[in-house]
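A.B. asks: The following feature annotations were taken from TrEMBL:
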type	residues	note
TRANSMEM	6-27	transmembrane segment
TRANSMEM	34-53	transmembrane segment
TRANSMEM	102-121	transmembrane segment
TRANSMEM	133-153	transmembrane segment
TRANSMEM	205-224	transmembrane segment
TRANSMEM	231-249	transmembrane segment
TRANSMEM	255-275	transmembrane segment
TRANSMEM	287-307	transmembrane segment
TRANSMEM	327-350	transmembrane segment
TRANSMEM	362-380	transmembrane segment
TRANSMEM	400-428	transmembrane segment
DOMAIN	717-819	domain 'Cyclic nucleotide-binding'
REGION	1028-1128	region 'Disordered'
COMPBIAS	1032-1052	compositional bias 'Low complexity'
COMPBIAS	1059-1068	compositional bias 'Polar residues'
COMPBIAS	1072-1085	compositional bias 'Low complexity'
COMPBIAS	1092-1101	compositional bias 'Basic and acidic residues'
COMPBIAS	1117-1128	compositional bias 'Polar residues'
Amino acid sequence: MDASNPDDAVLFFGVSLVLGIASRHLLRGSRVPYTVALLVLGIALGSLEYGTKDGLGKLGAGIRIWANINPDLLLAVFLPALLFESSFSMEIHQIKKCMAQMLLLAGPGVLISTFFLGTALKLTFPYNWDWKTSLLLGGLLSATDPVAVVALLKDLGASKKISTIIEGESLMNDGTAIVVYQLFYQMVLGRTFNAGSIIKFLSEVALGAVALGLAFGIVSVLWLGFIFNDTIIEISLTLAVSYIAFFTAQDALEVSGVLTVMTLGMFYAAFAKTAFKGDSQQSLHHFWEMVAYIANTLIFILSGVVIADGVLQNNIHFERHGTSWGFLLLLYVLVLVSRALVVGVLYPLLRHFGYGLDLKEATILVWSGLRGAVALSLSLSVKRTSDAVQPYLKPEVGAMFVFFTGGIVFLTLILNGSTTQFLLHLLGMDKLSATKLRILNYTRYEMLNKALEAFGDLREDEELGPADWVTVKKYITCLNNLEDERTHPHDVSDRDDHVHTMNLRDIRVRLLNGVQAAYWGMLEEGRITQATANILMRSVDEAMDLSSQSLCDWKGLRSSVHFPNYYRFLQMSRLPRRLITQFTVERLESGCYICAAFLRAHRIARRQLHDFLGDSEIARIVIDESNAVGEEARKFLEDVRVTFPQVLHVLKTRQVTYSVLTHLSEYIQNLQKTGLLEEKEMVHLDDALQTDLKKLKRNPPLVKMPRVGDLLNTHPLVGALPAAMRDPLLSNTKEAVKGHGTVLYREGSRPTGIWLVSVGIVKWTSQRLGSRHSLDPILSHGSTLGLYEALIGKSYICDMITDSVVHCFFIEAEKIEQLRQADPSIEAFLWQESALVIARVLLPRIFEKMAMHEMRVLIAERANMNIYIKGEDIELEHNTIGVLLEGFLKTRNQSLITPPGVLLPSNTDLNLFGLQSSASNRMDFCYTAPSYQVEARARIIFFEIGRADTEANLQRSMSQTVEVPRMLSKEHSGLLSWPESFRKSIGPQHASLTDIRNHPGSLSARALQLSMYGSMINVMDAGQKFRRGGLQASQKNQKQSSSYPRVPSRSSNARPLLSVQSEGSNLMSRKAPALAPAPAPAAGASRQRQRKAIEDDKSSDESAGEEEVIVRVDSPSMLSFTQAPHGN
């Protein structure tokens, strides 16, 4: 044959990839792993090239180039990428749990297998090999190849537990087997070892490799910490460090490169997974999957070529010694027996450690001991040595090593690899449990409902017309055959304790999965740091192993959350306030982030679980466990809030700053994707934002506490009032800080005033209304408590108890009555504000998912408040809910309706409102009727929760599981999210928030702004004045910027923005006197009402010229930025 061209090697590379693509594509869904097909194809290519006269031309030349590659180079090219990808993709918690089992199999297991196979080879094979040569082949065949095993497990989708044991054992086994091979290889070549030198050699090679892997991992992870949002550099670093570590280990220090890269990958899995967020994580995952796929394809095809080469190049030898084929089959049996012997001898220990091991899993462990390219490469090294001139190994010994190793690789891959899935099926290990099957069937019905909703949105358009649902459903095969009646997964006919226990374990794991997913979301949003995320993720992994017990993921966090008692003395010391803040922030930061993230993630997971399963008894037990497990986290945050309120303020400011910058970066990238910005423009803006993010990360801000006056002026109720009404009210406001569990007022007691919640959470309970159908019966900052009772003059309808440390303000009922009589528009606004709390208390299933600013948008745009006189009839539309605020109504059956009451249309499905639960016997506040007759002057607020002609159906969006960024917290929900139902409703004729703000006399608009933007309302007002002054000429025709969120549309015949109607001639408008300013209380008396936690306002005010005041931002969708003044 003519001399080959080096370019021919590229042809073989391309053909191999094509064959790999075809094998993976054609065998998808079959029981045959595609790696088996690649090995067969490689043997076929090698047979055609080496076994025929003409060969394969240029392709054959490329085959010969690759087949003659140095075995050490073969390992150095393919192994680092495959080992790093495999070890990095493993779950570190499961590695720790299974470490003892993996070490047993990779340490004593390899030695047992080596000596058993070596002894069998020496005693049964007729080749007159000495003990060193026999043990060399025995050690070589003891390496269960991670390349083959990992590829097989990924194809078969085995359980995570058995996959971790087999994959981890194959990685370690490979490293230790190579070390054993190197020992006997040097002994064969004439080097002598005594017992001490053997132990020293094994220790240095193995332990040195682990130490080197840790060193490379620490240095590269530290370097990774200085790389900020550069995916290309991050991925390139992982690739480079895996190859450099392997080369340093193998050539420079002569330790195990396999163990080095394996240790490096596991270190990354433990400490660097959270360093890759969002797109970087996806890109890293896809990159390493592609690298592993290409390497697997080439190495298995090349293995087949080498096997064919080894057999056909020495065919004269095998013709002369035909018994070698029989001894190959005998060796295959011995390999299986050695594997069974290893698992059998170590089984008592394997069953005791880690997750344990049953007989079925032990069977799979025996059968999955595949051999692959690693063993083949080592045999090629022996053959290369035997072909050279040396006195220790004859050439035929090297040929037999390649023959036997290639044969074992072929047989284990063909027989074991292709039948492992059948064995899994035979042992019943590929079946879903009864618990998971019930969840699966339940999910299919949920999918059918979602498909119907999607069809309702998509079935008709202006251009193409309607679609046919029957045909659509025919092509959704997973939704066919759903004729059986839908059953809840926890509705089991017999009260089986085992089934009950299995259901509990399953739901606990699902909730913990939701908690972990929420942690990932918070990491991407910048709410938690990488170090905090590692701690939180690890706690969830540990709790999943204990799913048979009550939820216990807080146990893994307890050691990281500590509040020393001496911190309390710091607050009372005379040290500079700024120094104390900096000291405490640094030491309490991690604990605060952990507690806040823990509570937030559990709240998200509870909501998602409740939305999916409803009021199931099993789900309720797990949800109650979730609520209870967070008590210590709440206690820690309360201690910090009472002692160092500025710490939480600083941490929240950092979170919001990071989130706003990230939001803006995503916004300009979306503008570039839609073509509104060119790439250069986008890069210019994004570079500035990335610079700000780096500054924030390296030099986080310290902020000062807001003044008491600022807190009051940014409360939606007070801040929305005109200055003439607000100032007298402020002078009669009493400030208080209430500890956890303090009763603000009791159900049935006489209303004495209202409570304005500035910071913290309040929980409501009611014996009359029942609160079990409420998942989170809490009200957070910006809420006004007791306003409805103060307006109507009735006793409180529920208990209000603080659920955290609450900073609040009290206003006496007499002052509210004076305010009510000041102006009809103010009275209407007060009734409107009172409806916020009443609606959440009466119908939590509908309204508690919504943040306060979302409720205000709903009331401003989809609510209508009317006044009716006696004798009028009221008919409700099918998509409307009414709440009777004052007055009396009657139904046709003469049932008297007293306030507060929920009015529903007839034939309403009460399940939709959560009223068919255990609290259904307490439904005396809820009424359904075709029409209602007014018995006495009545005030009713109507909510439009769904409308056929509206693009975004509010009720449907509420019934869905909300996305993670939205339901992050009752305190800070909606930080970077506009309600999904409102985002979808943008249209050309829709009113924007700017329209609401400019609505004459709209107090609700001002309250909405304060609820969303807090103190930034002043900056926004300044920006609005500038826009109105500079763009007044074109304002009429100007379209709203797409960056501004819009509220839902109103049809042409919809009611006005806010309607307070007076119907009938005998109802006259009244003119109430203006609210008289009350005398301001003495300064001393005012100070006596304040707790120590609030007394630092004066000290923080003194530095007003030195620091920028950054306060809570609830949504940055309409941010206007001005340059903050700097003191230096």
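Just so you know, glycine gets a Cβ as well, placed from its N, Cα and C.
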A.B. asks: Going along the chain, which residues at least six beyond the ends of the transmembrane segment (327-350) come within the CB cut-off of under 8 Å?
C.D. replies: 100-101, 104-105, 108-109, 112-113, 116-117, 120-121, 124-126, 141-142, 356-357, 362, 365-366, 369, 371, 403-404, 407-408, 411-412, 415
A.B. asks: Could you give the mean pLDDT over the domain 'Cyclic nucleotide-binding' (717-819), rounded to a whole number?
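C.D. replies: The predicted confidence over the domain 'Cyclic nucleotide-binding' (717-819), as a mean pLDDT, is 86.
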A.B. asks: Hey, would you say the transmembrane segment (400-428) packs against the transmembrane segment (255-275), going by three or more CB pairs under 8 A that are 6+ residues apart?
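C.D. replies: When sequence-distant Cβ pairs are counted, the transmembrane segment (255-275) does not touch the transmembrane segment (400-428), since fewer than 3 lie under 8 Å.
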A.B. asks: What residues in the same chain, six or more past the boundaries of the transmembrane segment (362-380), come closer than 8 Å to it by Cβ-Cβ distance?
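C.D. replies: For the transmembrane segment (362-380), the nonlocal Cβ contacts are 71-72, 74-75, 78-79, 140-141, 143-149, 152-153, 158, 162, 165-166, 174, 177-178, 181, 258, 299-300, 302-303, 306-307, 335-336, 339-340, 343, 347, 350, 398, 401-402, 404-406, 408-409, 412-413, 416-417, 419-420, 423-424, 427, 429.
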A.B. asks: Within the same chain, where does the transmembrane segment (34-53) have neighbours whose Cβ lies under 8 angstroms from its own Cβ atoms, ignoring anything closer than 6 residues to its ends? I mean 6 or more beyond.
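C.D. replies: Non-local partners: 19-20, 23-24, 27, 59-60, 63-64, 67, 148, 151-152, 155, 296-297, 300-309, 312-313, 409-410, 413-414, 417-418.
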